[in-house]
Structure formats: structure tokens, C-alpha cells
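As C-alpha cells, the structure follows; a few thoughts come after it.
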């Protein structure tokens with residue numbers, strides 16, 4: 001048989017572009033339909049089976065089955081035919097990937113995502129069931145996701161009409177991990193068998209693992225026949241009881257207790273989703289799918305959605321083949337055998353494998369002998385050796401590839417740049433992660449636009465972990481200095497804005513305590529690039545000032561001057577000094593001119609001196625009163641041989657006016673005139689004349705009435721006489 005190469009034409013119409021996948025039975029190529037100009041997928045039977053009538057019949061049956069069914073949830077078949085030695089099937093090209101690839105990338109799904117997958121898959125399967133067909137190979141590898149997020153059911157190579165599903169052969173065809181108990185036992189197979197497989201798929205969607213594992217296929221089959229599928233909630237948190245119930249009914253060991261077909265299973269899924277108010281969900285496309293890579297898979301045993309492998313009863317009679325967990329196999333039925341009293345269960349012969357991320361299961365029961373002797377031949381011995389070799393090779397392959405199976409708990413961070421917040425949040429959720437919002441500074445992205453994610457796009461992280469959607473704050477600005485001017489707080493503020501601290505020159509500040517943040521360069525509020533170094537100047541405290549000279553100023557004026565200089569008057573000391581008036585400053589500490597820091601406390605010295613007032617010209621009585629008002633006592637009244645204008649007129653003090661005296665010894669002598677000038681009272685009424693003379697310290701002597709007028713006086717006006725002298729007045733009238 002000639003090998004197909006890039007550029008070859010099938011049936012003169014379908015040009016080979018590149019292999020997509022290769023399995024045990026066929027190879028799938030990406031092709032171009034030259035007649036319609038559209039991309040298609042060509043499934044071409046492997047040349048090892050081209051002459052086998054059973055495989056040729058199965059291949060043609062798949063084409064007929066798929067051609068009879070048409071639905072958006074099924075892969076469409078466009079054409080089938082033969083071109084020389086090539087038997088081919090032309091199908092819709094699925095440019096997304098398989099559910100198996102999606103599970104490997106993203107791990108377990110939340111209930112709303114699992115429900116979305118099951119709806120589409122069960123819808124497609126219900127179309128087949130309604131047409132009287134049983135798929136017989138439901139598994140994640142045969143559930144495809146197109147580039148438009150549409151889930152489609154594929155690979156009808158094992159399909160049978162319901163009327164033909166009575167067991168008539170000693171062979172079982174299917175994928176070990178998803179076989180129903182009746183498939184394992186070789187019983188009648190109906191839509192309930194597909195329901196069981198679909199229930200296993202739902203379990204795997206929710207938990208990320210298959211329910212039954214074992215070191216051998218016998219161990220796995222033993223569990224399937226004798227154990228119920230565990231509730232998904234016992235394997236992983238977050239599974240609602242309704243989904244436990246869906247899995248339990250779909251995977252009941254008794255077919256009569258399951259959903260009757262895919263349609264009934266679909267209705268139950270819809271009811272559960274409605275009861276739980278599950279949100280709508282768009283199934284994501286696998287990023288690392290074979291359809292994306294479009295490169296040939298070199299290992300013919302690799303998993304692919306159309307691959308099959310055959311083993312006959314003779315080959316399975318001695319050893320159990322340990323195949324991949326997702327590979328379609330042809331096996332002999334499991335037949336219970338009479339067991340001795342100590343035996344616990346019948347032996348089963350079904351292909352199985354243990355995914356690396358699951359805990360190993362207990363060792364299976366020891367196989368018992370078959371019911372009757374079996375002829376032994378050389379051929380059987382050769383086959384035994386061959387299968388032992390195959391088992392060894394595949395066991396090594398599983399061991400080496402175990403890490404890959406475990407990697408499903410990790411997913412790749414999706415790209416979100418260019419999306420809005422809602423779209424980005426949905427993309428992160430669809431990727432299996434928990435989205436959070438984190439605002440970051442960015443020089444080149446506008447405010448409120450998405451910068452990226454943390455972890456970044458393309459990196460891998462554990463599913464369910466938080467992925468921050470980074471929202472741009474634009475370029476940072478220099479932060480405002482805290483009110484307490486804390487250095488630590490300002491360092492943190494700079495760091496929050498991606499800025500770095502750089503020590504600047506210290507500065508004096510009247511408002512910022514020493515050691516606090518005083519100013520920055522660039523200035524507060526200025527926009528800068530991320531990572532900018534900001535020069536921060538710390539305060540040296542207030543600038544030094546010279547103590548002003550306030551000597552001679554009044555106390556209030558001195559205090560005002562000191563306050564203006566930034567100094568505080570801590571204390572006022574009072575004392576007598578003969579050169580400074582009362583309440584005026586005669587000294588200050590520190591001394592004037594001394595440099596001190598603002599806020600320094602000073603002491604001022606204020607004089608208590610009393611100033612002798614000027615009472616010259618006043619009467620003795622008036623002068624005495626004024627001295628007393630000034631806080632000065634009158635010690636003595638002295639007379640001076642001078643002449644005043646009125647009685648006892650003050651002509652001086654001792655000490656004299658303006659002298660500063662100590663308040664502790666504040667007494668002065670008053671000097672009054674000994675003589676007085678006689679005033680002129682001639683012509684005045686006698687009463688007025690008497691009053692005027694009394695004011696001058698003189699007395700009047702007259703026999704006239706008060707209304708009479710003075711015609712003469714003696715002594716005469718202007719005469720200088722002693723205080724108290726009597727003046728004789730003559731009157732008329």
C-alpha cells in the first residue's frame with residue numbers, strides 16, 4: 001500500500017495537508033476539499049487492516065451510522081469511499097480538541113462546566129439512541145470541542161443497532177475505564193450501557209479521575225462488577241448532592257435502575273442544573289490539542305479519538321494486557337468461574353490502567369483456574385512470551401508518562417490583554433481559576449485597561465488557585481507625605497507605586513520634626529514613570545535663629561518680638577534696676593544674638609522700678625494723692641523759702657520727678673513753698689474775695705456783708721506773705 005504524503009489527492013478531490021493524529025486502526029489527516037474549497041478531516045484506515053473484512057465492515061458501518069445522523073452535537077460525515085488501497089471517511093474538521101485534552105490541561109470541572117459538557121454530549125447521544133443505535137465507546141477522547149466551543153460526539157466505529165446488540169461473540173470492544181458491567185460480562189447491550197459510560201464521564205469531569213483503578217485489568221474489572229461508583233463528593237469538595245445522585249443512577253450496576261437512555265439522562269441533568277441555578281457556561285477550547293499542533297503522533301499506541309486495538313480470546317487467556325486508560329480495546333468477556341471456598345470473587349479479564357495521580361488500589365484476588373482444561377500449544381507459548389514483552393514495555397511507558405497524567409491539576413493561564421473586566425473574568429473562570437482584581441501602575445497602558453495577569457499569560461498554575469487580573473492605574477504620581485511625616489510609612493507608599501527611595505539632602509523645617517519626611521524631588525503629585533527613584537529630604541528641624549535684643553521694650557512688645565522670631569517665653573523674672581522703667585525688659589537669657597533653634601524657650605527680665613511723678617505746681621494735697629497713686633509713699637513735707645501761687649504749692653520732690661526708685665523703699669519728700677503771693681481781690685464781692693484768698697492759703701478779715709464789695713485790701717495784691725496770713729478787707733455797701 002502506498003503511503004499518503006502531503007499534497008496527495010484522495011479520490012481526486014481531497015488534498016492531504018498534514019496528519020492530525022494516528023492510532024491503532026487509522027490516521028486522521030487535515031485535508032482541503034478542492035471541489036468546495038473547505039477544510040475537512042480525512043480518516044484513512046491503516047494498511048494493516050485494509051484486507052481484514054471485519055475492520056473494513058466496521059469502517060463502512062461508522063460512515064453509514066454517522067451519515068444517518070445529523071445534529072450540531074454530532075460530527076458531520078460528508079463522504080466515504082476508496083482510492084486504490086485507501087479506505088477513507090471524510091468528516092467535519094474539528095479545529096478545537098478533545099475533552100480528554102481539556103481535562104489534561106484544566107483538571108476537574110465545577111458543576112456548571114460539567115453540566116455544559118454533558119448537555120451537548122447527551123444531546124448528540126440521544127439523537128443516536130432515538131435512531132436505535134448504541135455508541136458503545138463513550139469516553140472523553142470521543143467528545144470533541146470545536147473552535148466555536150460547540151461540544152460534539154464522535155467515533156461511531158463501534159456503533160450497533162439496538163436489535164443487533166445481543167452478545168453473540170466472545171469479544172468485547174470498548175475502552176476499559178468506561179465499559180459498563182454488561183459489556184465486561186458480554187451481556188446484552190442497549191442504550192443503558194452508553195448511559196453507564198456517560199455517567200463515568202460525568203464522574204471524571206467532576207473529580208478529574210476515573211472511579212475504578214487497579215494494578216491489572218482483572219482488578220479493575222473486579223471492582224466494576226462488584227462495587228458501585230463512589231459519590232464524586234467523596235473524592236473532591238464542592239460537588240452538590242444532586243450531581244452525586246446523577247452519577248449514582250447513571251452508573252448503577254443494574255441496567256434497569258439507570259436512566260433508560262441519553263434523553264432521560266439529559267432531562268435529569270437539566271433539572272439538576274435548574275434546581276441549583278447553575279450559570280450558563282461556554283466550554284473552553286483546549287490550547288494544547290492535536291488539532292492545534294497538527295503534527296503526526298509517532299507512537300501508534302498514543303491516545304486519539306478514533307484509535308482502536310484488538311486482542312482475541314486466545315491472546316488474553318494467559319496474561320492480561322495493560323493498555324492505556326482511554327484506548328479502545330477488543331477483549332474477551334469476563335466469565336465468572338467456580339471459586340474454592342476461600343476465593344472471594346470471580347476473575348475478570350478487561351484492559352485497565354491506573355492514572356499516576358490516583359492512589360494505587362489493593363492487589364487483585366489471585367486468579368483461579370478456568371472451568372476446564374485448555375489445550376496447550378507452541379503457539380500459545382509464543383504468544384505468552386510476546387505479551388509478557390508487551391506488558392513490560394507498556395508498563396515502562398505508563399511509568400514514564402505518569403507525570404503527564406498527573407499534570408491535569410495544572411492549567412495554563414489564558415491571555416486577557418485587550419478584554420474588558422467582564423471578559424477577562426470569564427476567561428480566567430473558564431480556565432479553571434479564581435479571578436481576582438489587582439490594580440497596578442503601568443507606563444504604557446491607559447487607566448482601567450488590562451495589563452495582564454499574575455501569574456502571567458502562558459504560565460501554569462494549580463487549577464482553582466487565584467489568578468489576578470492586572471488593571472492599569474496609569475503612571476504613578478509622587479505620593480502625598482503622611483501627616484505624621486513617618487519615614488517608614490512613606491517608604492511603603494513609594495513602594496506601593498513602584499517607586500524607590502533615594503536619600504536627599506536634609507533641610508530645615510519649621511513644621512516637620514527632625515527626622516521626619518520634609519520634601520521630595522520630584523515634588524508631591526508629579527507624574528513619573530514606574531520604578532523612578534524619588535529623592536526624599538528629611539527634616540533637620542527648625543532653622544536656627546538669633547535671639548533678638550528686646551531690652552528697653554515693654555513686656556508685651558518683647559513677648560511679641562520673641563514670638564515672631566519663633567521663640568517661646570518660658571519665664572518672666574522681675575527685678576529692680578534704676579535704668580529701666582517698670583514692666584520693661586532689662587535682660588534676656590540666652591543673651592541677645594545667641595543662635596538657637598526655633599521653638600527654644602527664653603527667659604526675660606522685667607523691671608519693677610517705680611518712677612517718681614512730677615507734682616510741681618500742684619498743691620500739697622494734690623501732689624500727695626498723685627504719689628500714692630504711683631505706689632509711692634510721702635515721707636516728709638518740707639518747706640522752701642519760695643513763693644507759690646497758692647497755698648502749700650509743691651515746688652519740688654526729693655528725689656526729683658522721673659527718678660526710678662525701688663518699690664521696696666518707695667518714699668519721697670515733698671517740698672512746698674513757704675510764702676504765697678497775695679491775690680488781688682479789690683472790686684470783688686466779699687464772699688468771692690474770701691474764697692479766692694482761701695485758695696491761696698490766706699484768710700480774710702472784714703466786717704462787711706458777703707454782698708458788699710471790697711474797696712481795699714492789706715497787704716496789697718502781689719505781696720509775698722507766709723501761708724495762712726490774714727488779709728484785711730474793707731468793703732462798701
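Placement of Cβ uses the backbone N, Cα and C atoms for every residue, glycine included.
Heads up, TrEMBL stuff is auto-annotated, nobody curated it.
For the ranges 384-405, 406-427, 428-449, 450-471, the feature annotated in TrEMBL as transmembrane segment maps to 384-405. TrEMBL assigns the feature region 'Disordered' to one of the listed ranges (656-694, 695-733), namely 695-733. The DSSP breakdown of the domain 'PASTA' (407-473) into helical (H, G, I), extended (E, B) and coil residues amounts to 13 helix, 25 strand, 29 coil.
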